[in-house]
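Novice: Got a structure for you, questions after.
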Amino acid sequence: MHIAVVDDDEDLATFVRDSMRDLGHACEVYPNGQKFTSALRRETFDVILLDWHLPDILGFDLLEQLRAGNNASAGIIMLTNRSDKDAIAKALRAGADDYIVKPETAPVIAARVEAVNRRSQQQQQKQQPSRRQVFDRYEFDRLTQSIWMDNECVKVSGKEFALALMLFENINRPLSRGYMLETIWQANPDLPTRTLDVHISRIRIKLKLQPENGLRIAAISGFGYRLERFMRGEEG
């Protein structure tokens, strides 16, 4: 699981980060909204722990931005030192999945994070078709792990199928190398490998993901990839 802690309380953020890492999760800390939103251009998170009061933005406002953008599927837990029931209800209605009143113990935080991630995954599975998924000229068949492009079957391996489907399901959303390696290969997200790059190259060629066809896989230097729609005239 990849977790983000957005909180300017250094002691608390470090405590949560270390607790999550002790459980085997990848966890990053961001002290303000600007650094976090910058990281979202290159990172993908399963669960976000978001402080109510950040130095540069209200956590509630950032919550609304996240739900309106490309992070609608991430689990979000609000961190607060207030027990204002109206404010908590407002956050839950705006898209927060849970809240934690600070301070809290590591076991409780871990349990809430895992519960939110579990619900988020279950919801995503419910939203996914049981077998076929269509994206414009591309059709993915989960049962046979085959891809059809313009009604012609494209021969792909199991890993290529899984990686391509992940890119299409997250179109225009940046996916970190660590997230893709951990999800597709169950590999250590920090493990340096060319495997991902080779598979991306094969997918790009086999599915003709070039600008002239309206889609391209953009490399995010040092971080990962993003499948994005491409309109003519966007060069430069």
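Each position is counted from 1, following the chain as shown.
In case you wondered, yes, glycine gets a Cβ from its N, Cα and C as well.
I grabbed these lines from TrEMBL:
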type     : residues : note
DOMAIN   : 2-117    : domain 'Response regulatory'
MOD_RES  : ASP51    : 4-aspartylphosphate
DOMAIN   : 129-229  : domain 'OmpR/PhoB-type'
DNA_BIND : 129-229  : DNA-binding region
Novice: Could you tell me how many residues in the domain 'OmpR/PhoB-type' (129-229) are helical, how many are strand and how many are coil under DSSP?
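Specialist: Going through the domain 'OmpR/PhoB-type' (129-229) residue by residue, I get 35 helix, 29 strand, 37 coil.
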Novice: ASP51 (4-aspartylphosphate) has how many other Cβ neighbours within 10 Å of its own Cβ?
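Specialist: Other Cβ atoms within 10 Å of ASP51 (4-aspartylphosphate): 25.
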Novice: Can you break down the domain 'Response regulatory' (2-117) into helix, strand and coil residue counts using DSSP?
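Specialist: Counting residues by DSSP class gives 51 helix, 27 strand, 38 coil.
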